[in-house]
C-alpha cells in the first residue's frame with residue numbers, strides 16, 4: 001500500500017483562478033513541470049488498481065472536466081453558450097452523488113462503434129463514479145478498485161460510467177464486483193441509475209436512456225471496456241485531426257511551460273496535505 005501511495009504523491013495540483021469563474025484551472029504537476037491529466041497520469045498503479053482523476057467532488061454542482069482542447073489538458077469548469085455549467089439539484093439528490101471523474105489514458109473513440117452497444121463513443125475519457133464515503137477534491141488522483149459499469153446513451157453515443165471505490169475506503173476490501181455493491185449498499189445502484197436518468201431534465205432535456213435496460217455490467221466487462229478505451233487512446237493519440245491538441249506536444253513547449261508556471265497560484269499543495277473538502281459553494285437560481 002505504501003508503494004501505491006508513493007505512486008500518486010509524485011503528482012501535485014496547481015490551481016489558478018477561482019471556482020465559479022471562467023478562469024478557473026487545475027493543472028497537474030510532476031517534478032515542478034506541468035503535465036497532462038489526460039496523457040501523463042498513468043491509467044494504473046498496479047494490475048488491480050486504477051488511477052482516477054477527480055473532476056467533481058461528491059455533493060457539488062460545478063460541472064468541471066478535463067479540457068481536451070487546452071494545452072496540458074487542465075481541469076476547468078465547462079461553459080455552454082458563454083455561461084458556467086452546473087448540475088441542478090434533482091430531488092431527492094444534491095449535486096453529484098459520488099466523486100465523479102475520469103480514467104486517464106482512456107478515450108471513447110467517436111470514430112469507432114462499440115462492440116457492446118453498437119454505437120460510437122462520445123469522444124471523452126471514461127467517466128468514473130467513485131462510491132466511497134470520503135469527499136474528494138478537484139484534481140485529486142484517487143486510486144480505485146473497479147467494480148462494474150453502467151451504459152448510458154448520450155445523444156446517440158456510448159457514454160460508459162465505470163463504478164469504482166477508493167482503495168482506502170473501509171468497504172473496499174468487501175467490494176469486489178457489482179453484486180457486492182448490491183448486497184452491501186442496496187440503494188446505491190438504483191439511485192445511481194435514477195440520477196443519470198433525470199439529471200438533465202431541469203435543463204429542458206428528456207429523460208436519459210440506457211443500454212441493456214439499465215442493467216449494470218460486472219467487473220469483468222468493466223475491465224474489458226477500460227482495456228478497449230485504453231487501446232483507443234493509444235491508437236488515436238497521434239491523430240491530431242481528431243481532437244485539437246490531442247497530441248501532447250505541449251510538454252516540450254518551453255514558452256508555454258513558463259507561461260503556466262507564472263500564473264498566480266490560488267492553491268499549490270501536495271495531495272496528502274490538501275483540505276478534505278475545499279470546495280463547497282451554494283449555487284443560486286438552479
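Yeah, the Cβs are placed from backbone N, Cα and C, and that goes for glycine too.
Take the CB of residue 85 (diphosphate binding site) and look out to 10 A: across all protein chains shown you find 15 other CB atoms. Residues or ranges marked as diphosphate binding site in Swiss-Prot: 85.
The Mg(2+) 1 binding site annotation in Swiss-Prot covers 122, 127, 159, and the record cites similarity to another entry as its basis. Cβ neighbours within 10 Å of residue 159 (Mg(2+) 1 binding site), excluding its own Cβ and spanning all shown chains: 23.
What Swiss-Prot records for 127 is Mg(2+) 2 binding site. The Cβ of residue 127 (Mg(2+) 1 binding site) has 100, 101, 102, 159, 160, 161, 162 as same-chain neighbours under 8 Å, each 6 or more residues away in sequence.
Non-local neighbourhood of residue 122 (Mg(2+) 1 binding site): 108, 110, 154, 157, 158, 159, each in the same chain, at least six residues away, with C-beta under 8 Å from its C-beta.
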